[in-house]
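Taken from TrEMBL as is:
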ACT_SITE  His64  active site, proton acceptor
BINDING   Asp65, Val68, Gly70, Asp72, Ser74, Glu83  Ca(2+) 1 binding site
BINDING   Pro156  substrate binding site
BINDING   His186  heme b binding site
BINDING   Thr187, Asp239, Thr242, Asp247  Ca(2+) 2 binding site
DISULFID  Cys33-Cys109  disulfide bond
DISULFID  Cys66-Cys71  disulfide bond
DISULFID  Cys115-Cys317  disulfide bond
DISULFID  Cys193-Cys226  disulfide bond
DOMAIN    23-321  domain 'Plant heme peroxidase family profile'
SIGNAL    1-22  signal peptide
SITE      Arg60  site 'Transition state stabilizer'
Amino acid sequence: MSSFQMITTLFLLAMMVGTSNSQLSATYYAKTCPNASSIVRSVLQQAEQNDIWIFPKLVRLHFHDCFVHGCDASLLLNGTDSEKTATPNLSTDGYAVIDDIKTALEKACPRVVSCADILALAAQISVSLGGGPTWKVPLGRRDSQTTHREGTGTIPTGHESLANIATLFKSMGLDSTDLVALSGVHTFGRARCAAFMDRLYNFNNVSGKIDPILNGTYAKTLGQLCPKGGDVTSLIDLDEQTSLTFDNKYFLNLQNRRGLLQTDQELFSTKGAETVAIVNRFASSQSQFFNSFAKAMIKMGNINPLTGTNGEIRLDCRKIN
C-alpha cells in the first residue's frame, strides 16, 4: 500500500462519522451575533487595502483546515508540532486577518462565534468580494482542542494523479463535479514555483523533461519566471489573465493547456476522465460554475464539524482556552 493510499484509508475511517451535520444552520447566530457576517465583511474589505491577495489566501485556509480531520480550525493553532508547521501549510498565509476578525467579533459578541465558523465565513465573503458567487454558510461549528499535524498528508500538493485526487475527494463525500468546481478556486491567487517546477525541468523524474501536456509558449513563460536553480518560493499567478478575480477563466486555461498545476491540468487532459466534460461545461458557463462551486463549498464546509458540546469556542484562534 502506498503512503497516499494509507493516508486515504485512515482518513476514510476517520470520516465514517459522516460528512454533513444537521446541527449546522445559516441562522445559527441570528440571535446571539446577528451582525457576524457584516463584521467579517468589514474586516476583509479593510484587509484588502493592505494585501490585494488576501481573498485567495483566506479561502485556502478554509480548504486546508477542512481537509485535515474536518472543519474545526485546528489549522489555526500555534505550536512546534502544529498543522501550520507541516510542509503543505508552510506557504499558507492570512492568519493575522483571522485574528483581526476574531478580535472584532469578540468585541461585538464575546465567546460566541467560533474560529471554525470564521474560516467558513471568511472564505465565502472572500469569494464574493473577489467577484464570485454568494451562498448562505451553514454555521455552528466549534473549535478543536487539538492539532492534527499527522493528518496533513491528505492536503493535495499539486503533483498527484487525477485518480488519487478523485479518491481523496470521494473519501470526503465530494464527487467529480465537486472536485472540478473546488479546483476552480485556482481562478484566483498564486502558487510557488516549487509547486510546478517539475513540469518544466524534471517531469516524471526525468531530468530535462517538460510536461508534454503543457502549452509550449506557456512553458517558456514559466521558465523565465521560475528559472532552473532559481528561487522556488517565488509566487506565480494561477490564472495569468485575471488572477485577482474569481471567474471561470481557469477552465478556459485548462482547455488551452495552460493550467499551472499538474493536478489542475489533469482534470481536462486525462483521456476518458469524467472531469473533462465538467471542465467544458464550466468553461462555457460561468453561472454553472458559480452554482456548483457554492454547493461544493457547503459540502466541504460540512466535513466532520464539531458541534453541540464537542470542542470549544476559542477566545484566541491561535491557542486553546
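Positions of Cβ are set from backbone N, Cα and C atoms, glycine also.
Any TrEMBL annotation is an automated prediction that lacks curation.
A simple way to gauge crowding: the CB of Asp65 (Ca(2+) 1 binding site) has 29 other CB atoms within 10 angstroms, across all the protein chains here.
In terms of C-alpha distance, the listed binding-site residues Pro156, His186, Thr187, Asp247 place His186 closest to Arg60 (site 'Transition state stabilizer'). For the binding-site residues given as Ser74, Thr187, Thr242, the lowest number of other CB atoms within 10 Å of the residue's CB is seen at Thr242. Comparing CA positions across the recorded positions His64, Asp65, Asp247, the one lying closest to Cys33 (disulfide bond) turns out to be Asp65. The disulfide-bonded residues Cys33, Cys71, Cys109, Cys226, Cys317 differ in how many other CB atoms lie within 10 Å of their CB, and the one with the most is Cys71. Ranking the recorded positions Cys109, Cys115, Pro156, Thr187, Thr242 by Cα distance from Val68 (Ca(2+) 1 binding site) puts Pro156 first. Thr187 (Ca(2+) 2 binding site) sits 17 Å from Cys193 (disulfide bond), taking the Cα positions as reference.
The Ca(2+) 1 site is set by Asp65, Val68, Gly70, Asp72, Ser74, Glu83; from the centre of their CB atoms, other residues of the chain with a CB within 8 Å are His64, Cys66, Phe67, His69, Cys71, Ala73, Leu75, Ser144, Thr147, His148, Gly151.
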